[in-house]
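Participant: My structure is below; once you've seen it, I'll send some questions.
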Amino acid sequence: MEVEGDFYHHKKLKHMKELGSTEPLLSSDNFSDQQAFQDIDDGQPKITLFRSVAVLTNIITGVGLLGIPYCFCSGLGTNLIVILLIAALSCFSFSILIDCAVSTGIIDYPRLINIAFPKHKLQWIPDLQVVLLFFGGAILYLQFSSSMIISIFNGLRIDFNLNIPDFLTNRWFIVFVIQFVIDFPLVLLKSMSALSFVSLLSVVLIACYIAHSIYYFAKGIHDEGFDPDNKLVVFGFDLKHILPSLAVQATSYTCHPSIFPTLVKLERPTKFRLNLVMILVTLAASVLYLVGGIIPYLTLFSDILDPVVLNYYKNTLFTTVIKACYSVILILTAPMLIFTCRLSFHNLIFKSPMNTLKHNLLGISILILAALIAVTVTKVSLVYSILGGICAPLLVYIFPSLYFLRICKDGSKVKKIFSIVSLVVGILFIPVCLYDAIKSIISSIKE
């Protein structure tokens, strides 16, 4: 029997005469009999506004929250402005994607390109970008998490003189015993509604990470005063620091392919509530980036040498616990990336609708492959920076702008102008992101 998850079939809404309608846009009443879907997650058919915000914020921040303090090393004021501008552009791109969905009745990110360019078969392009970015993200999350767990056990062995067995620092053991056991049941969940409960735990763990940052900031001021060595940089214009920070920030709000699998489950999904979710997601992510970026920077300053800020705190018991918490965050976020990756991978490979067997086999296969690469490939972050440098600007800025300009031809002139601006920004971000990645690859080859 074929069963339907959140987003497996091509779903269409009844075309709304007024985009500002307060009637639910995504309710089953808006589907024809042939287009209606049978929800396989009968126990949790809807997702609350809070859980929607939590799951999408979790996808956005993820490993990026660790890298933002490194960005501030190129200038606190400079990066504050950049984050706010990128947040505004990202929120705008969320808005125009919702406009396109309401206008066409298609609530599937990759399939919107079929309406934007009806004479060409181009859906494989956004589907491929989603697979590359989200599969690469899952690999990166597993690898970062395993590296953090290894550093935890090594720290316990060296700094606390504990007798830690060698197998606990073996990456194969960590990935295929610890991480795989946690993620295996999660990749079998068939809706973002079910996964959103997992994101609530991530919210608690992120709060612990922020508390850790605030504690050591306050402790530093108490012990030594604020910036005793005058390391604070307010506005920096050194391209050697600015370009790497831009490469990190360019991908910092990437959750666009995941918004429809989440919003389709939203309680009372009016256009207002859809936009409200995305505004709250942008605000939540921005607050986390600002607090989680500025406070560690004002604590460690130029001692932060790479985008994993937890490596630069003294190895205390509190920091060890927070490393463990953040490892869990990354492990729990990987299935959310795999969920979206699986949808686009299915679109690329199969013409028939998704069913339970394919859902499970694809999820398990993607998880196993991601785990194998996380263990065996040491330069994943470099490869991902190249993929992210191409795919993220396309998915966040370029495709949404093209969709809106091609689909909503009667839309607001202001939105059309900002769509063009977003399109240009996305194009400019690609060489910026690739510059730092290629530079890192050249440096590693020379070594």
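Cβ from N, Cα, C; glycine included.
In case it's useful when we look at the structure, here is the feature table from TrEMBL:
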DOMAIN    46-435  domain 'Amino acid transporter transmembrane'
TRANSMEM  49-68  transmembrane segment
TRANSMEM  80-109  transmembrane segment
TRANSMEM  130-152  transmembrane segment
TRANSMEM  172-189  transmembrane segment
TRANSMEM  196-218  transmembrane segment
TRANSMEM  276-297  transmembrane segment
TRANSMEM  317-339  transmembrane segment
TRANSMEM  360-377  transmembrane segment
TRANSMEM  383-405  transmembrane segment
TRANSMEM  417-438  transmembrane segment
Participant: For the transmembrane segment (276-297), which partner among 49-68, 196-218, 317-339, 360-377 gives the most CB pairs under 8 Å?
Facilitator: 49-68
Participant: Top stretch among 172-189, 196-218, 317-339, 383-405, 417-438 for CB pairs under 8 A with the transmembrane segment (80-109)?
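Facilitator: Between the stretches 172-189, 196-218, 317-339, 383-405, 417-438, 383-405 has the largest tally.
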Participant: Considering only the recorded stretches 130-152, 172-189, 196-218, 360-377, 383-405, state which has the highest number of Cβ pairs under 8 Å to the transmembrane segment (317-339).
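Facilitator: Against the transmembrane segment (317-339), the leading stretch is 130-152.
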Participant: Are the transmembrane segment (130-152) and the transmembrane segment (196-218) close enough that 3 or more Cβ pairs fall under 8 Å, when only pairs 6 or more apart in sequence count?
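Facilitator: Output no: the transmembrane segment (196-218) is apart from the transmembrane segment (130-152).
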Participant: What stretch, picked from 49-68, 130-152, 172-189, 360-377, 383-405, has the most CB pairs under 8 A with the transmembrane segment (417-438)?
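Facilitator: Most Cβ pairs under 8 Å with the transmembrane segment (417-438) come from 383-405.
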Participant: Based on Cβ pairs under 8 Å, which of the stretches 49-68, 130-152, 360-377, 383-405 lies most in contact with the transmembrane segment (172-189)?
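Facilitator: Answer is 360-377, with the largest number of Cβ pairs below 8 Å.
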Participant: By a Cβ-Cβ criterion of under 8 Å, what residues six or more beyond either terminus of the transmembrane segment (130-152) are in contact with it?
Facilitator: 62-63, 66, 109-110, 169, 171, 174-175, 178-179, 254, 257, 308, 310-311, 320, 323-324, 326-328, 330-331, 333-334, 337-338, 340-341, 343-345, 348, 366-367, 369-371, 373-375, 377, 380-381, 383-384, 387-388, 391-392, 395
Participant: Mind checking which residues reach the transmembrane segment (383-405)? Cβ under 8 Å, same chain, six or more beyond either end.
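Facilitator: Those are 89-90, 93, 96-97, 99-100, 109, 112-113, 115-116, 126, 129-130, 132-133, 136-137, 139-140, 247, 250-251, 253-254, 256-257, 377, 411, 415-416, 419-420, 422-423, 425-427, 429-430, 432-434, 436-438, 440-441, in sequence order.
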